[in-house]
Structure formats: structure tokens, C-alpha cells
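One structure below.
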């Protein structure tokens with residue numbers, strides 16, 4: 001008996017990610033002492049604690065922090081697992097970034113509150129952008145970027161990938177992101193791609209980094225995922241599933257409601273194993289209303 005031909009998704013379905021209402025909601029990662037990190041992010045970085053919840057039956061606590069309300073801004077979701085005070089960040093995760101009008105002032109304050117400044121403020125090599133790097137108490141790196149007023153100060157998540165062209169294609173097709181810009185630095189042997197849903201200076205972007213000749217990285221167990229909103233998790237999962245067959249990656253959670261919470265989600269890994277969770281827009285806002 002002849003094999004059934006593969007189901008070709010309609011053009012309309014493949015166009016869905018570009019028409020969908022998407023934005024970065026939060027980045028999820030694990031910390032060894034929740035109160036210590038909250039204190040550092042609020043005092044050292046100027047973030048606001050937006051909400052906190054304890055789930056004793058699952059033995060973990062969460063805290064959400066950012067520079068504006070979750071309804072409109074990208075935030076960090078910190079997870080503390082009872083009794084675990086240390087994690088391995090791995091070699092694949094790069095950094096988060098915070099935009100500020102005055103890098104020097106920002107870094108002095110972060111340093112005074114216990115931040116580990118790993119690169120002093122100053123212009124980038126061969127350019128005029130002023131940046132610095134600060135590590136938080138768990139060793140997560142934050143790039144501090146000088147930028148005038150911006151609607152989204154928490155502006156980047158940097159992840160390293162093994163094949164930049166494949167990753168660009170994946171995020172364009174599976175998530176409807178656009179390539180905001182690409183920078184090749186042959187003298188430093190790396191290429192970057194900024195991927196997002198709007199202009200890089202208006203919103204959060206994913207900064208994908210390819211280091212010449214490096215195709216694999218360790219993921220560690222510290223950084224978990226980014227969450228992105230969608231108007232239809234079922235349709236979105238169908239598109240992702242189709243794209244993974246061409247470019248790699250896989251769906252790790254079929255679309256549907258989370259038991260007990262009823263928020264509809266789906267999750268998947270990209271070709272490098274980086275995880276994304278897509279969250280239903282309306283359900284997310286309802287969840288915030290109940291928080």
C-alpha cells in the first residue's frame with residue numbers, strides 16, 4: 001500500500017505567525033535565594049517586584065520582576081526550588097540586557113548594591129555604543145546598554161546557537177519574528193542576529209549569537225525558557241510542528257490548558273534545544289487579574 005503523502009499546511013496557516021498578536025511575556029530562570037535576587041534586582045537594577053507566589057505542594061516559589069506592568073512589559077520570572085541554592089548556567093546562555101539613559105550611573109548603583117561588574121562602562125570596540133556587563137548574585141550576566149528613553153528597558157535575551165541561518169529561518173517561520181539586524185564581527189569571530197516582533201529599540205529582542213566553528217553548547221539547568229503570547233495556541237503549535245520537520249526542534253507540550261490554572265499553552269524546543277512557551281493572550285490577562 002502506498003504511503004499517504006505528507007499533509008501540506010495551507011498558506012493561510014503558515015502566514016498565521018505574522019498575523020498573530022505576539023510579544024515577549026517573560027524569561028524564566030532558576031535562582032538559589034529568591035529574596036536575595038529580589039533585593040538585588042529592585043535596589044541594584046531598579047526593577048519592581050510585580051508579584052510573588054509560593055507553591056508549597058510543588059516545593060517552589062516564583063517572583064515576577066520588571067520595569068513595567070506584565071500586561072505590557074517583558075519581565076523576569078524567577079523560580080526558587082526548595083533547598084536548591086546553586087545552578088549551572090552552562091555555556092549556551094549568554095545574557096539579558098537592560099537599556100538605560102546613563103550606563104555609568106546605573107553601574108555605580110549596581111556595584112554599590114553588590115553587583116559584580118565584569119566589564120566597566122565604555123564604548124564598544126570599534127563603535128560608539130556605551131555598554132557594561134554586570135553579574136547578579138547567581139552569576140547571570142546583564143549587558144547594560146546606553147539608550148535614550150525606551151518603552152522596554154529589559155530589552156534582550158542572548159542565546160548562543162550552532163547554525164545562525166537555520167535559527168533565523170526557524171524564528172521567522174515558526175514564530176513570525178523579523179530579523180531586525182545582523183552584525184558580523186570577523187575580527188572577534190562571531191555573528192549576531194537580533195530577532196523580534198517590532199523594532200529593536202521599541203521592544204525586547206532575542207539576540208542569537210554564532211561563534212565561528214562552535215556548533216554545540218551546554219544548556220546547564222539554570223535558564224529555562226522565554227514565554228511569548230499568542231491568540232491561538234492550537235494554530236501556533238500546528239505551525240511550529242510543521243517548521244520543526246524542516247529545520248529541527250520539537251514540540252514538548254501539546255497545546256491545551258494547564259491543569260488547575262486553565263491557561264492554554266504549548267511549548268517547544270528550537271533546533272539548538274532552547275525552549276519557548278506560547279501562552280494564550282486572554283488566559284494570560286485573566287491569570288494576571290486573579291494574581
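Even glycines carry a Cβ here, placed using N, Cα and C.
What TrEMBL lists as domain 'VOC' is 23-147 (among others).
Taking Cβ-Cβ distances under 8 Å and a sequence separation of 6 or more, the neighbours of residue 77 (Zn(2+) binding site) in its chain are 26, 27, 28, 29, 62, 63, 64, 227. The Zn(2+) binding site annotation in TrEMBL covers 77, 95, 143.
The annotation active site, proton donor/acceptor is assigned in TrEMBL to 143. All chains included, 20 other C-beta atoms sit within 10 angstroms of the C-beta of residue 143 (Zn(2+) binding site).
What TrEMBL records for 153-281 (among others) is domain 'VOC'.
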Quiz item: So what sits near residue 95 (Zn(2+) binding site) in its own chain, CB-to-CB under 8 Å and at least six residues off in sequence?
Solution: 133, 140, 141, 142, 143, 156, 158
Quiz item: If you average the pLDDT over the domain 'VOC' (153-281), what number do you get?
Solution: 96
